[in-house]
Amino acid sequence: MKTAHLVVVVCFLAGALQTAVALKEEDCEVCVKTVRRFADSLDDTTKKDYRKIETSFKKFCSGQKNKEHRFCYYLGGLEESATGILNELSKPLSWSMPAEKICEKLKKKDAQICDLRYEKQIDLNSVDLKKLKVRDLKKILNDWDESCDGCLEKSDFIKRIEELKPKYAHGEL
């Protein structure tokens, strides 16, 4: 009887750990959103055949731009793609696997798939600069074509943005 309880507890803990480690949409946003949008564009007969899914994905990719285009390149959905792991998308889609799980599998094959990120639009009037990551602070300065020579700490970047804010954010006020 104790062994049965122990097995149940171990299974529960393993399930809880897997849920905690599961990929979130924001961890792999371009992949998840692109896979969802592509899956929603498929009809029921196409969804059942992985070969039709691959053909449809190549057509889908031909009309993509920016981050989605790069995602297609990584998967092998473009003619100029150097590698092809398209079956890692098409077969799970034919099994009705959720986009998050598909992207989790794709990340294991090629980690740069989840490195793709959409550009964040930052409202300088309402955002607390202290809560932003350093890369976002650098992006603000880069968008303004400004640099921060000698900036090492987050506080240095924040100070530089605060100095330049009147010059660049006047249209947003």
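Just so it is clear, glycine is given a Cβ too, placed from its N, Cα and C backbone atoms.
Given the structure is predicted, the values throughout are model-derived calculations rather than measurements.
Quick look at what Swiss-Prot lists:
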- 1-22: signal peptide (SIGNAL)
- C28-C114: disulfide bond (DISULFID)
- C31-C103: disulfide bond (DISULFID)
- C61-C72: disulfide bond (DISULFID)
- C148-C151: disulfide bond (DISULFID)
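Known features from Swiss-Prot, placed on the structure.
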residue : record         : DSSP (3 states)
C28     : disulfide bond : coil
C61     : disulfide bond : helix
C72     : disulfide bond : helix
C103    : disulfide bond : helix
C114    : disulfide bond : helix
C148    : disulfide bond : coil
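Taking the Cβ of C103 (disulfide bond) as reference, residues of its chain lying under 8 Å away and at least six apart in sequence are, in sequence order, L23, C28, C31, V32, V35, I113, C114.
Counting other Cβ atoms within 10 Å of each Cβ, the disulfide-bonded residues C28, C72, C148 show the lowest value at C148. Comparing Cβ neighbour counts within 10 Å across the disulfide-bonded residues C31, C151, the minimum falls on C151. Considering only the disulfide-bonded residues C61, C114, the Cβ with the fewest other Cβ atoms within 10 Å is that of C114.
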